[in-house]
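Notes follow the structure.
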């Protein structure tokens, strides 16, 4: 940039020490003697840069910096330089007729501005980059030097002077940023890989490696966001968590403190809360310090404003430059403290909440593996999934809301103190409406607590029913019960939605209370001030009171929401606390000794599933088993055979007697339990691969032939709970798991019940008698034909062992065992007799069966070989307008959406009209103070009614969308074929039915409303400022470009982080539900610790995405605020250093608000419009300008949240269009009324994929 250009464009009078400073130009009188050197330097640098471009083009190295690699200051400065270049060309065209030489200078300098714009994005070689950086830095220094010289000589800064100074600062930042990138070795924007360590390619924690400054400014996120902007992020791109944030460490601290407090006291009230507070007291205190600093700095803003206004209102001879410099330094410090403390309060609170959430999720999982039998009966898998998916996640937000609660009270007290400082005794009447509003919050909070509790109860019931239906979907479809169970789930959902509606409507009442409170309070303050005449009711006092009301309004708005969240937290704490205090599995129920010849000894054992009732399930149990002995347990159904094995495992509480087991145990349950994963994973069960033993286990369990038929052998994926395996295959897989475990004692609970007689004989001979020849085996069986081969037989009836001995001994007794054997022989005789009677029919049917079999050959070719369970899909790229359109279209809510926009527009219009009324009348004395305040109160109250209507419509809009999405989602799931349920883990479905649906219920409706209201408010504020000072358009464009760029840069990564996070929640829930079903097997194989470690890894994966999602959000918000701080400091320096007449009083107010209004009052030092309405309309403009900065941050935060929330809409929408079964009724294919007339099944062209 030509440093003389802005100097030239200001006015010639500056060189001569004269006044002036508007856009009237006298080119013939310019001080060329002072500028010729600057022009020559800039022309020289321009020529060198253009030469470097030509050389690069000749070498075919010409390329621009990619958009994803462009540093943010360069992205903002480039369009600003281009705009200033265009302005120079336009001014040259205007001056061509009067001064052609001056016009040529304008054209030349316009060319230099445009060249500067190009240099910010085109740096093909290191040499051209170095030239560009030197050029930027030199121009920044020259612009600053010329501006300061101009101020020192008593001149005025014109419009382009101020703009050039601001852009010069951006150029300096660009030079520093690119220089730092080059020093780091990434070429000023070249893509780098932040995830690999220097050696070995091992990933390391980005946050853990960051230094103090990097943590302070979140620059440790730069490399990840740059990578996310260049390509969609994947799970492998995300750095791991720091060791201090890992779930293992968080859970260890929590459980240590939990057990210590449980030992010291039996008091369980708020125990979870007290344990969390003790474990994280240091982090809580640190975040409390951040919160306090933010609260004090935010509340001090009106004080700083008042000081600046007082300073600017002084006569020039009364101004003290030292005082002005102190004010600037104080302002800079205050804004830095406010911005940094708020960002680290939010980030630190959510990081702490993540630790708490991880600790509770891990503790709940570990507790479910240790639950007693009675405890498992009181908590279903659906309820435990809710503890993890809902309650633990809600408690993750607890630290933020805890600090918000007390900080809002402190802020309210400080605001009241500020009111008394501003208006004195006139603030006393305001205490009454404040107290009334506070009292009204009490019943409001109680209603919210009641509705929230009932909603969560209804949610639990619906979740439990949904989980049960999904787990039993094969039976439901086999019996054609879809409609019945779909209606049951819908009925529970309707009850849930009823309480959801009550909760959302009460939130709408809270929004009305939020808007009414500041209106009433401000009207009372103004009326009270006028009545007691405690302060002059001029524009300064009025708009300062309104600014203070904004400090009051935040607590008024947040306190009801804080109470609502705290109520939810209390409910979640009680639920988790109740679960964690349940009775646990008795580790000492079985005495475990090293392997010896005496493998099992049960002496006088009495056991009960319900010891609290005192009813014994097993009585007088005495068993002794030696090493290698095979013992069979038989008896009628309900005799207690399975309970006997559970007693041996310690699963049934022991009332008396003793149980001793020597060596390790392996258990095969009657109902097979298979994990999602490969066949090999299920057999190995966490043990290392030993090929010979593995092949032996497959062969003795008759799985070798199955492996040949599986499409991927033993690497074939098993659907959740083994749904794509037959009952016999699942039973043999878990039998192979027990064999491969190489235990000392085997407890087999009817392992042959799901296989045919031939396979059962093979398993008994090859597995039980051969492979387990040296092992102790307790075999529960109904196959009497195997009993003659075992060493001993136990006969059970009504929970007692009635007979014991060998097969021959028991037959001689002529008692129950003989009856059992005879009954088995009778059933076989009856079967053979029936077969003989039907021999003729069998012979008649055999040719038909053979013929049909020859006609209907089974084809196994040309079928795709794919794994059944596929990795969960996630969308890539932007959500786009389609997702928003889908959300509104599915709910048919276009009318409601338009109504929300219209009510918000009316609300904003009335708010602005009320403030406009104050600005126009407060000092005109044409109306009494009563009329002025009364009209203001009426208009603001009317606006609050529209805000209330907007919230009501938003609540109804959200409820309608929730109903339609849930209905479509469940209809699609119930109509899906069994292949979908076999290949889709239940946790994947339940995640959508719980956390994703919760986002649709609570978050999306009001977040979308906040985005709409924030957009309307920001647009209206800019319009008002443009009406007062039209020059704001000159800086609005670059400010909007900067905000849009940084927001787009952030969302590219944040969107993928949230999407990945959506796929990491389901495995946590799925693993918890799966482990709950197999808890007996897990404990029997002593695999509890391994399952806990796997769960910790899944929690860490989920927490990692949560951590980086929040870090990215704070990264973008800090940079949005940093833009405000830069222009605020620039504006305040100008206010202090410029002469008294060159800036209108109140210019500082603009600087405090936003980059859009920062410079406009400095540009219009002779604006007749501003002076004509000063100070009323200047107060109007500045009053709303004060809110624009926070409004931008508010809009950025909620828009980013909305983009992330819409991913839940995508995820639910994925399951709303599943491949469907044929219709239940096809009118033109209905069978005859007499159907079925015979029992027959025809298979024609059947294709089966395994």
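Every residue gets a Cβ built from N, Cα and C, even glycine.
Per TrEMBL, the features are:
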DOMAIN    285-568  domain 'ABC transmembrane type-1'
DOMAIN    600-823  domain 'ABC transporter'
DOMAIN    894-1204  domain 'ABC transmembrane type-1'
TRANSMEM  35-58  transmembrane segment
TRANSMEM  70-96  transmembrane segment
TRANSMEM  102-122  transmembrane segment
TRANSMEM  129-148  transmembrane segment
TRANSMEM  154-173  transmembrane segment
TRANSMEM  404-424  transmembrane segment
TRANSMEM  430-448  transmembrane segment
TRANSMEM  512-531  transmembrane segment
TRANSMEM  894-915  transmembrane segment
TRANSMEM  927-949  transmembrane segment
TRANSMEM  1125-1149  transmembrane segment
TRANSMEM  1169-1188  transmembrane segment
Range from 70-96, 129-148, 404-424, 512-531, 894-915 with the greatest count of C-beta pairs under 8 A to the transmembrane segment (430-448): 512-531
Recorded stretch, among 404-424, 894-915, 927-949, maximising Cβ pairs under 8 Å relative to the transmembrane segment (512-531): 927-949
Distal contacts, the transmembrane segment (927-949) - CB-CB under 8 A, six or more residues away: 508-509, 511-512, 515-516, 519-520, 522-523, 526-527, 530, 537, 903-904, 906-911, 913-914, 917-918, 921
Stretch-averaged pLDDT - the domain 'ABC transporter' (600-823): 86
Same-chain residue ranges lying at least 6 outside the transmembrane segment (404-424) that approach it to Cβ under 8 Å: 291-292, 294-296, 298-299, 302-303, 306, 430-431, 434, 525, 528-529, 532, 534-535, 541, 544-545, 548, 551-552, 554-555, 558-559, 562, 566
Residues of the parent chain within Cβ reach of the transmembrane segment (894-915), under 8 Å, 6 or more residues beyond its termini: 546, 888, 935-936, 939-940, 942-944, 946-947, 949-950, 953-954, 956-957, 960, 1009, 1012-1013, 1016-1017, 1020, 1024, 1180, 1183-1184
